[in-house]
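Per TrEMBL, these features apply:
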type	residues	note
BINDING	CYS94, HIS136, HIS140	Fe cation binding site
ACT_SITE	GLU137	active site
Amino acid sequence: MAELPIVKYPNSLLRQLSKPVDRIDDDVRAFACDMLDTVYAANAVGLAAVQVGNLLRLMVADVSYRDGEPAPYILFNPEITELSDEQSTYNEGCLSVGDVRAYVTRFARISVRYLDVEGKENNLTADGLLATCIQHEIDHMDGILFLDHLPAEEREAIISQIPARPEAV
């Protein structure tokens, strides 16, 4: 397994729509495992494939490994099917954005339909940090960054703190 390079903001790839995974084979499973290695190496909680340069609707998450045993999620073609009325706010960051963080309000509880590593359809109900993480990563697949959820003034203040980077990874 390997740690993958992160695509950094403002790379235009981060604004593109990811395509559904049409075949789950050994190569895409190995790629998902590399994504998890990247999450663990960065001490992060989630990652979308677009953040490592691949426009697939694929995300990985593990919100518990820092507190104990790893409990990874690998979701192919995740689709939110249900949203709670309640909302929750977390101080979010993003490997593609860098060291800046901001409070983002999202749905507190969600249900998601996805394909697992064997290509079988599953449903997951998530709340807390996992629900926030899944929404954050699905946003990435839709070309949306956590910064886009912020009021314009706050978003611009944060963007001004991000060092200018070439279009490279």
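Glycine residues also receive a Cβ, built from the backbone N, Cα and C atoms like all the rest.
All annotation found in TrEMBL is predicted automatically rather than curated by experts.
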**Prompt:** So what sits near HIS140 (Fe cation binding site) in its own chain, CB-to-CB under 8 Å and at least six residues off in sequence?
**Reply:** LEU14, SER18, ALA48, VAL50, GLN51, MET59, SER96
**Residues close to Fe cation site centre defined by CYS94, HIS136, HIS140, Cβ within 8 Å** = GLY46, ALA48, GLN51, GLU92, SER96, GLU137, ASP139, LEU145, PHE146
**Prompt:** Measuring Cα to Cα, how many angstrom lie between the residue listed as 'active site' and CYS94 (Fe cation binding site)?
**Reply:** 10
**Message:** Please give me the CB contact count at 10 A for HIS136 (Fe cation binding site), counting all chains in the structure.
**Reply:** 25
**Message:** Which secondary structure state does DSSP assign to CYS94 (Fe cation binding site), in the simple three-class scheme?
**Reply:** strand
**Prompt:** In DSSP terms, helix, strand or coil for HIS140 (Fe cation binding site)?
**Reply:** helix
